[in-house]
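Quick look at what TrEMBL lists:
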| type | residues | note |
| --- | --- | --- |
| BINDING | A:K6, A:Y7, A:G8, A:G9, A:Y178, A:R183, A:K208, A:V209 | ATP binding site |
| BINDING | A:T46, A:E73 | substrate binding site |
| DOMAIN | A:261-344 | domain 'ACT' |
Protein chains: 2
Amino acid sequence: MRIVQKYGGSSLKDAQCIGRVADRIAKSYHEGNQLIIVLSAQGNTTNELIKKAMELNDQPSQRELDMLLATGEQQSVALMSLALSKRNCSSVSLNAYQAKIQSDGIYGSARITNIDTTRIEEELSQSNIVLVTGFQAVNHTEDFTTLGRGGSDTSAVAIAHVLNADFCEIYSDVDGIYSADPRQVPHAKKLKSIDYDSMLELSSLGAKVLHNRSVEIARKYGVVLHIKSSFDDIEGTTVMQNPIEKTKVSGVVVDKNIATISVIGLKDRPGIAYQIFSVLAHNNIPIDIILQSIGRDNTKDMVFTVSLDNGPKALEYLLSAQHDFEAEDIILNEASAKLSVVGAGLEANPVIGAVVFETLFKAGVNIDMISTSEIKMSLIIPQEQANEAVVLLHDRLLEYI
Amino acid sequence: MRIVQKYGGSSLKDAQCIGRVADRIAKSYHEGNQLIIVLSAQGNTTNELIKKAMELNDQPSQRELDMLLATGEQQSVALMSLALSKRNCSSVSLNAYQAKIQSDGIYGSARITNIDTTRIEEELSQSNIVLVTGFQAVNHTEDFTTLGRGGSDTSAVAIAHVLNADFCEIYSDVDGIYSADPRQVPHAKKLKSIDYDSMLELSSLGAKVLHNRSVEIARKYGVVLHIKSSFDDIEGTTVMQNPIEKTKVSGVVVDKNIATISVIGLKDRPGIAYQIFSVLAHNNIPIDIILQSIGRDNTKDMVFTVSLDNGPKALEYLLSAQHDFEAEDIILNEASAKLSVVGAGLEANPVIGAVVFETLFKAGVNIDMISTSEIKMSLIIPQEQANEAVVLLHDRLLEYI
């Protein structure tokens, strides 16, 4: 089989960790697999390099920062090659130049545009394990461009796609995707499998196991992902289009990193929503859930959520433009939380929605806003009730997970 | 003016050192010079990376070691670019791929075969300071190849040549070339200038200021070198073909890292020297000075020097072949030293030779072997007298320096 494996920085943080990963790679190699290994920088290397850069320049050029950071993964692949040859595995390390991973020109958050697989295929045909630097690509001027935090996942999935790999294994210090954060929810259950859409909802909601873009690419090209721990040998979670064992609900997550902004007493005239949201768009503030309701005296209220750190800024921009859209009041609430239930079976099973509302009602949780999609139901609730609500809701939904 | 500057690792070891070097570069840039800066890895980085590699594999592949080590210089150039932009200097960092420094394929000790200057010239024409990684080149399979220890000097001189730079400044923690090792010889004098040939003799004799190959390239292409300290602003030493202020003697150096081997009582027949030295050549043991003399009873004695660490091996190989060339005895002497006087004026001034012999005779120093060339006179003397002899000889020759 042709397999892409990706190992994160925490799996590579010292010689012992590198050795453990090398053992795992060697085992798969000696079983006869063709292996392409994508590596992140070791442990805390990237942060240390950024610290060094900031000592010299607190507003570093992103082009030079990328040039600096790209060395981290290059060290990882070279070191891993040495560890593998000690284990009688022939391998070759390639950086983004050598692996011909091309990107658009955006330093710090580049997107992969093309991978010329000639060299990688040639090395594979010579029975070499191919070790490729994650997180980096080269733009049209031959400069390093990094793919943003977590970009090694994206590298791995893109490489798995262009090489027609049977699947892509993502190894980290997390052993799979859980139905809730196990630190918050004692009965959180590791999922055997999950579909791409639900995975996307879960990861954007805060289950920071997989880089979002990597899931998007995997979905687009149908790359099967196996999420596993590099520290033990237990089964992980498979991410694929149509899992055989379909769960109705994949997970329950809570996000306390939100703020709600209420714009109250708007005149009911066309274009008012456009006015409000263009102020925020022009200032690069993304908006999540939007709710519009009828207020008193034929006015409208508009409530929406932004990330917690954007809250004060958003309020400030709106207040300075308040005159234009004639709002009676604008209120920032930083004590909210977003509770979400994610699952491919939500739409087909309206009973789940009913269970959610019943559970929260019985627990006395007040619901401020509701937003639903085919595979997600999000509820804005008071932050102080969030911890209790996620545990209650998860355990009540366990039969659907 | 177009200037290449090279800074060694000790000049870059921390943020403060990088800042000091950046100040120096910025000054020259704001004076209107076109600058190409060649950097080594920071401080002890290369050794630390080698240590990391050895932890994983005590016989590391040189290809992977080069891949690993190449990251050190890449970090230096990126960090320096950040420090320069803080000083209002626009700059761009280039690794060996980007600067198109090509080499033959020998990992660990590659030689530069070509430099395509297109990108460098383009960056210079945009008023950028061009920061280039020293010590590294890329071979025909697009793999990193390092140039061997001290290879950054070679990078700098080669770049100065292909770019037709006015001169090449080599900055390190040493402020110039001295007429003797100042730690050994209190009156050692810094030379204002020195010719390439004398510099080559001095550096191969142990004055480890400049990488030998860099001097050879400089001589071949007439690249003028300025040897300076990065820690202060005092004048250094200029290395060039025909220094205006010609000194008769450039320096007096002593090398205790030698062993002499005497092969005694050889029959006087043709091919005997060939037999002896082919044994050593086949075992990769370089020979320095060779002396052949008439022994007792019409036999010949052959005496030569090897490096101290090669002494026991050389003796062993010769003893195992002793039967072939019928020597009466083979003796290893590890208590020798080589005292050398180097200077472009030696040949034209026979009086200097007389002064050397007179000085050593008066000091009771026994001379075991003598070897002379146009610009060098080397004497093998007892090691225990070496320290005293070098000081005496240097001070007596001071009038010619």
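Any Cβ shown, glycine's included, is placed from N, Cα and C.
A simple Cβ count within 10 Å picks out one of the binding-site residues A:K6, A:R183 as the most packed, and that one is A:K6. Across the domain 'ACT' (A:261-344), mean pLDDT in this model comes to 88. For the pair formed by A:Y178 (ATP binding site) and A:T46 (substrate binding site), distance between Cα atoms is given as 27 Å, rounded to the nearest Å. Cβ contacts within 10 Å of A:Y7 (ATP binding site), excluding its own Cβ and spanning all protein chains shown: 27.
Within its own chain, A:G8 (ATP binding site) has A:S40, A:S152, A:Y171, A:S172, A:D173, A:S230 as residues 6 or more apart in sequence whose C-beta sits under 8 angstroms from its own. Comparing the binding-site residues A:E73, A:Y178 on other C-beta atoms within 10 angstroms of each C-beta gives the minimum for A:Y178.
Across the structure, A:G9 (ATP binding site) and A:T46 (substrate binding site) place their CA atoms 9 angstrom apart. Mapped onto DSSP helix, strand and coil, the domain 'ACT' (A:261-344) counts 32 helix, 31 strand, 21 coil. According to DSSP, A:G9 (ATP binding site) sits within a helical segment. Between the CA atoms of A:E73 (substrate binding site) and A:V209 (ATP binding site) there is a gap of 20 Å, rounded to the nearest whole number. Counting only same-chain residues at least 6 apart in sequence, those with a Cβ under 8 Å from the Cβ of A:T46 (substrate binding site) are A:G9, A:L69, A:G72. The number of other CB atoms found within 10 A of the CB of A:G9 (ATP binding site), across every protein chain shown, is 24. In this structure, A:T46 (substrate binding site) is part of a helix by DSSP.
A sphere of 10 angstroms centred on the C-beta of A:V209 (ATP binding site) encloses 21 other C-beta atoms. In the three-state DSSP scheme, A:E73 (substrate binding site) falls into the helix class.
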